[in-house]
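These features come from TrEMBL:
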type	residues	note
COMPBIAS	313-323	compositional bias 'Basic and acidic residues'
REGION	309-341	region 'Disordered'
TRANSMEM	21-39	transmembrane segment
TRANSMEM	45-66	transmembrane segment
TRANSMEM	78-101	transmembrane segment
TRANSMEM	107-126	transmembrane segment
TRANSMEM	133-155	transmembrane segment
TRANSMEM	199-218	transmembrane segment
TRANSMEM	230-254	transmembrane segment
TRANSMEM	274-303	transmembrane segment
Amino acid sequence: TCPRRSPQMFERICGPRFRPLWFGQVLSVLIALTGIFSSELAVRGVSIPATQNALNYVLLTGYLLRRPGDWGKLRERLPYYALLAVFDVEANFLVVLAFRWTSFTSVMLLDCFTIPCAMLLSMWILKAKYNRMHLLGVGICLCGLGLTIVSDLLIHGHGSRYPDAWKGDLCSLAGAFLYAATNVTEEYLVKKHGKQRELLGWLGGFGVLLSLLQAGALEGSQWSSVPWTPAVAMFFLGFAVTMFTLYSLVSFFLGMADSALFNLSLLTSDAYAVLFTLFVLHSAVTLLYFVAFGVTCIGLFIYHSEPPPAPRESLEDRLDQRRPLRTASSESEAEENPIVEKAILEPAASEGFVAMKAESSEKPKDNGTTLK
């Protein structure tokens, strides 16, 4: 009956299966906030992107305060963390720099170039295989993006108060590609090693170094001219705290989903930014924005209704190759990283069961079955 089906449907939509969808919308809201803060700073004549991003990396280094693990294995991962930091620092720098020359809406829309880049890089690095339903979901999401562009043109027309908008567009596209490289690299490291806190800490450490060097070389002469009003300070701090929260959550999101779903989820960030302009700035908004939001959400549901594009077997094989025996160090590692806890502890128990079975039989027979 309907009264019984309704709770089941609610539990299904809100259960673990669709949890990444709702999680992705939280990240989308945070992305919208970072764009709003950057846009407000640009309106006030503040454009120091390297300095603006440095505070976020300072906050991320707090994850390094935890007890370090095996230094020998850590040294093997450090080059990957450094490469990840290069991708991330330059992506943030270019996207924030784009606000100097182009509008908030243009930056948010062109940033969607991350989606095809992330899919191509996932196919190359993660050996991801996308089926027709995945591609259909992506296509519907991009249709929602197209409706957003049309709605923006209906409001602002074809005229522009940004004469050098092409510079901002190029920065946005380059930043979008680097964001895709960042997301795929982070997904690979999280699913292979599972050390989210370690990754965030070293991303912050390398990120601080790169950001400060870049800020000193390119923005040192601008520091004294920044109008440090309470509003500017508030937007600076708001941007840093929002970015820190976003980075902390993205690392765990990529442990349960893939880079393509992450970037598809961020397509709705433009709609959240529009709601901000509607209710806070009292700007004009067309109904087409909300239609675009609905179309994008439909595409997300279709994409996520299919199994993850990365072959499950390949990811498990990678984890099996690195699986340690159940020792005190592996148990502490599993406690630190709950996402890979099952991948470490449960197989260890299975191995113990196989060992006991072998001892109880003098001549074990190979009946063609495999314990999993």
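Cβ atoms are placed via backbone N, Cα and C, with glycine included.
Since this is a predicted model, take the numbers as computed values, not measurements.
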Highest-contact recorded stretch vs the transmembrane segment (107-126), from 21-39, 45-66, 199-218, CB pairs under 8 Å: 21-39
Chain residues outside the transmembrane segment (78-101) and at least six past its termini with a C-beta under 8 angstroms from it: 38-39, 41-42, 47, 49-50, 52-53, 56-57, 107, 110-111, 162, 164-169, 171-172, 174-176, 178-179, 181-182, 185-186, 189, 199, 202-203, 205-207, 210-211, 214, 243
Residues of the parent chain within Cβ reach of the transmembrane segment (21-39), under 8 Å, 6 or more residues beyond its termini: 14, 52, 95-96, 99, 104, 107-108, 235-236, 238-239, 242-243, 245-246, 249-250, 253, 256-257, 261-262, 264-270, 272-273, 276, 300-301, 304
